[in-house]
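Structure first, commentary second.
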């Protein structure tokens, strides 16, 4: 694809609007935005005419500074490897050891599966951006990435909520734990989490498909996300913005409120435990989950609920936490701070060592 080079003074103001596909009458989509992209990404100038539609996008990546590309490539490659090994190892460990087939580890199994999948949705493209001059993604590929990214992210919100409910039952109603958290209940909670993910992803992606993209096709992000795509639309995004507020609000507020109520009851029950050892054990049971919740919901809320066009650069940095860091830390948090996982891992490694010795 040929990349047009613009020279100062070579085009009149009206000609520039025609060439870039930006109409002077289009509010918020004028020459200032075009100049921003041209100055921000001088090596990635792919512009289309006003009468043509976008068939592919350019992912701008995390940064456009050349000296940071190689260090960031190795950093995020290492994060991706740790994420894959940690989550896949936890899935295999839980699957192979029947004595830890309990509700808590059932949800942890699903959480690791979600982290494994949604990291793979965007990380390969993200790594390509660090080593290639232009990271092109097709329109269909972008919408597909958007759908699966949102599906797994929303599913994780509700899976973490299910884990909070599991901790509530285990601490507040320990005698009824096996009855309350039966296999049927755990399966229902997991299916509900995936269904909420599917509904949210379908709503966002469906609204995105009705938009027309005919301006600068550079996505100011390292993945196809909602807010950067809305900035590129040359049609009204009012419906999409309402959907973002409603769906994102529900998917953060409802889980957060449910988790908060669960932990209020948990904290009340812990404070009524008379022995210091019992209180310490109860706190340690919840500490891993609280850390994971804080990282995931905190960074996601900052990205989506504090949105403004000028905050997109901050949003990209914030999104690194819930897209890259949280999936890497989850298996570490739940394994290094969990006695059952550490003992099971040691027993499994010992069995493998004995088998190899024989």
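The backbone N, Cα and C atoms fix where each Cβ goes, and this holds for glycine too.
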TrEMBL annotation of transmembrane segment - which of the ranges 104-124, 167-187, 188-208 it falls on: 104-124
213-241, 242-270 - the one TrEMBL records as transmembrane segment: 242-270
Matching range for TrEMBL feature annotation, transmembrane segment, among 45-71, 72-98: 72-98
Transmembrane segment per TrEMBL - which of 16-35, 136-155: 136-155
Residues of the parent chain within Cβ reach of the transmembrane segment (104-124), under 8 Å, 6 or more residues beyond its termini: 76, 80, 83-84, 86-88, 90-91, 94-95, 145, 148-149, 151-153, 155-156, 159-160, 162-163, 166-167, 170, 186, 189-190, 193, 222-224, 323-324, 326-327, 330-331, 334, 340
Close approaches to the transmembrane segment (136-155) from elsewhere in its chain (Cβ under 8 angstroms; 6 or more beyond its ends): 54-59, 114, 117-118, 121-122, 125, 193-194, 196-198, 200-202, 204-205, 208-209, 213, 219, 223-226, 229, 251, 300, 322
Beyond the flanks of the transmembrane segment (72-98) by at least 6 residues, Cβ under 8 Å: 62-63, 105, 108-109, 112-113, 115-116, 119-120, 123, 126-127, 130-131, 324-325, 327-328, 330-332, 334-335, 341, 344-345, 347-348
Within-chain partners of the transmembrane segment (242-270) [C-beta distance under 8 Å, separation at least 6 from its ends]: 154, 157-158, 160-161, 164-165, 167-168, 171-172, 196, 200, 203-204, 207, 226-227, 230, 279, 282-283, 286, 290, 293, 297, 300-301, 304-305
